[in-house]
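Q: Please see the structure below; I have some questions.
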Amino acid sequence: MTIPPLSPDAAEPRAGWRREVDGLRAVAVLPVILFHAGVPAFAGGYLGVDVFFVISGFLITGILARDLQAGRFSIARFYERRARRILPALAVMLLACVPFGLAWMSPPELRGLGQEIVTSALSVSNVLYWLKLDYFGPDADRLALLHTWSLGIEEQFYILFPPLLALVWRRAWRVPILVAACALSLAAATWIEARHPSAGFFLLPFRAWELLFGGLAALLLPRPPRGGDLLAATGLVAIVAGMAAAPLGLQAGVLPNVLACAGTAAVLACAGPGGAATRLLSLPPMVGIGLISYSAYLWHQPILVFARIRFGEGLSPTMLVALGALSVLVAWPSWAFIERPFRRPGGVTASRVLAIAGGTIAALVALGAVGIVTNGLEARKPEAVRAILATVTDTNPYRDICKTGLTDANPMHPRPGCLVDGTAPAVAFYGDSHADALQGAFFGAAEKAGFRFYSVTRSACPPIPGLDRTGDAASPACDAFVRGVEDYVETNDFPVVVLAARWTAGAAPRAYDNGEGGVEGQPGDFLTPLGVPVPADREAAVIAAYVRGIESLLAKGHRVVLVYPIPEAGWNVPEELARRRESSSEPVTLTTDAAAYSRRQAAVIAAFDTISDPKLFRVRPDATLCNNEIPGRCLNSIGDRPLYFDDNHLNNFGAGLLMPSVIEAIAAARRSLS
């Protein structure tokens with residue numbers, strides 16, 4: 001039975017190799033590589049993945065449409081082609097990560113690599129990353145397979161899309177239903193961006209519109225329209241504009257993604273022979289990089305991550321760019337000797353190809369599972385090293401009950417289990433994740449002292465109202481959270497408040513560099529006063545907001561115990577200490593430069609020092625952790641015992657070292673009320 005054409009004039013999507021499409025792949029992959037290499041000019045380079053999604057949707061929909069039009073569509077044949085295209089190079093890359101992981105990764109890192117291999121093989125790594133991290137946070141720089149999230153999105157889409165397209169193909173409303181699906185997904189993406197940005201980034205329902213953009217371009221514009229060359233050139237400009245706007249975060253919303261996707265669709269559907277966009281994208285270097293773009297994409301992240309693990313986070317920008325270039329060089333043999341040979345049918349039936357693919361996936365899952373069930377093959381490490389790494393669990397036991405969710409703007413107070421009865425005057429302890437890190441030790445010390453107290457925290461939310469975290473959709477919820485805590489404190493007679501936060505990271509979110517090889521990954525989103533344009537001197541404006549918030553509490557008669565900035569480490573302390581201990585027969589005390597702490601925190605400390613009020617009681621963590629055991633150094637560990645569970649949060653042991661000064665300050669504040 002012949003299926004009617006899409007339009008009266010013949011119309012089926014263009015077939016055949018188009019050089020400009022490979023050139024467009026180069027436009028997609030190079031910014032992604034440079035983004036992961038940390039090149040500032042390519043802070044929006046991650047939108048190259050969006051470009052890939054549109055290209056994929058355009059090409060795959062074209063293939064499906066031609067097969068459906070000719071009556072030769074086969075689900076088995078479609079998945080056979082996908083397996084040939086995706087799996088061989090992916091499997092080789094996953095296998096290649098294993099020896100480097102065994103050689104250079106700690107047991108927790110190797111266990112994580114096992115999880116990544118399992119989920120990447122099953123095309124669900126996007127779900128793993130949604131559950132465990134922020135793509136733009138520092139942990140992302142140490143995940144060798146983070147980039148496979150996009151492959152998960154594509155494969156999940158192509159499980160659903162081909163049979164659905166086949167189902168509606170003979171219907172007159174096939175295009176309207178795809179338009180509706182695209183619009184619904186885009187609307188959902190816009191909505192989720194303001195509430196759960198990580199879900200919007202990693203999950204298919206909020207990404208499907210990008211692939212559908214490409215699919216609709218293939219169906220609606222089977223031939224370049226009149227004036228198409230101008231539209232294609234405009235599309236290239238839109239891609240660049242989207243990448244330029246992307247670093248603005250929530251201030252731009254999904255606009256950068258829409259620009260990049262619409263621009264890509266315009267190039268694909270409108271570029272004609274001889275047009276400016278076609279000529280530019282058909283240049284031999286662009287086509288050459290485009291041909292190997294899949295392999296380049298596969299290899300760039302493991303190369304960058306394993307280099308950081310082996311040589312430290314402090315790799316120079318030149319070295320990182322060189323590593324990005326290395327991924328392009330490695331991509332050529334991957335394309336020539338793995339991708340191309342496996343794409344050729346070679347007389348093997350579709351069922352056999354799918355059986356081999358299933359066996360390969362099962363083997364990869366089994367390999368990754370070994371890393372998981374053996375806890376990263378931890379038995380290969382000496383006992384002292386295993387003991388150090390085990391301290392990563394020495395964290396606040398009250399976190400699950402006393403830390404509010406990122407979008408829980410107005411939690412009910414008091415939270416169950418977070419209010420402890422004791423003698424008055426009562427104490428309220430609140431702040432961000434640095435307060436959370438202190439909370440477990442505070443509970444123990446405050447109960448021992450007999451205080452009545454209440455403690456609640458919220459990550460990335462300093463205990464100051466009126467601040468907005470750019471790039472964080474939950475920032476209005478953060479402001480509401482702080483005001484809610486302050487209202488509870490006001491109405492329930494908590495005359496003493498303890499404030500703790502990672503103050504400097506919000507005011508000046510530069511990635512912390514300890515000057516000794518410990519450099520945080522991507523800096524976090526920064527704070528700015530709520531409801532106003534970003535000030536020219538944003539750091540000064542945020543610090544001034546800190547001071548106003550503290551002075552407001554003092555003006556209301558509260559005694560304020562202010563915990564000054566806690567020294568950051570720059571490297572993951574348990575892992576760095578474990579690496580050093582592995583090559584030493586004696587315990588190793590890990591330290592960082594105290595002068596680096598002073599430089600980093602100078603502006604915040606100077607501002608806090610200007611607050612002159614007898615109701616303010618100061619706690620200086622650096623007085624405990626720096627310039628004591630070793631002059632000029634800040635302690636990251638005491639012998640083999642880490643003080644931090646990551647690169648900036650104290651563990652319970654480290655927090656316990658600060659508690660005498662915290663409790664002493666609280667006691668003095670309580671006495672001043674008499």
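Easy rule for this one: first residue shown is 1, then count along the chain.
Just so it is clear, glycine is given a Cβ too, placed from its N, Cα and C backbone atoms.
A TrEMBL annotation is a machine prediction, not a hand-curated record.
Pulled from TrEMBL, these are the listed features:
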DOMAIN    20-333  domain 'Acyltransferase 3'
TRANSMEM  45-65  transmembrane segment
TRANSMEM  86-105  transmembrane segment
TRANSMEM  173-192  transmembrane segment
TRANSMEM  198-221  transmembrane segment
TRANSMEM  230-248  transmembrane segment
TRANSMEM  254-273  transmembrane segment
TRANSMEM  319-338  transmembrane segment
TRANSMEM  350-373  transmembrane segment
DOMAIN    414-661  domain 'SGNH'
Q: Among 45-65, 230-248, 254-273, 319-338, 350-373, which stretch has the most Cβ pairs under 8 Å to the transmembrane segment (173-192)?
A: 254-273
Q: Which sequence positions outside the transmembrane segment (86-105), separated from its termini by at least 6 residues, show Cβ-Cβ distances below 8 Å to it?
A: 113, 117, 120-121, 144-145, 148, 151, 155, 294-295, 298-299, 302, 306, 309-310, 334-335, 338-339, 342, 357, 360-361, 364, 367, 371, 376-377, 380
Q: Which listed range (45-65, 319-338, 350-373) shows the maximal number of Cβ pairs under 8 Å with respect to the transmembrane segment (198-221)?
A: 45-65
Q: What same-chain residues lie close to the transmembrane segment (45-65): Cβ under 8 Å, and 6 or more beyond its ends?
A: 6, 12-15, 21, 24-25, 27-36, 39, 73, 78, 81, 135, 150, 153-154, 157-158, 161-162, 165-166, 207, 210-219, 239, 242-243, 246, 256-257, 260-261, 264-265, 268-269, 297
Q: Give the nonlocal contacts of the transmembrane segment (230-248) in its own chain as ranges (CB under 8 Å, at least six residues past its ends).
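A: The answer is 27, 31, 42-48, 50-51, 224, 255-267, 270-272, 275-278, 280-281, 470.
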Q: Mind looking up the mean pLDDT for the domain 'Acyltransferase 3' (20-333) in the predicted model?
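A: Averaged over the domain 'Acyltransferase 3' (20-333), the predicted model reaches a pLDDT of 92.
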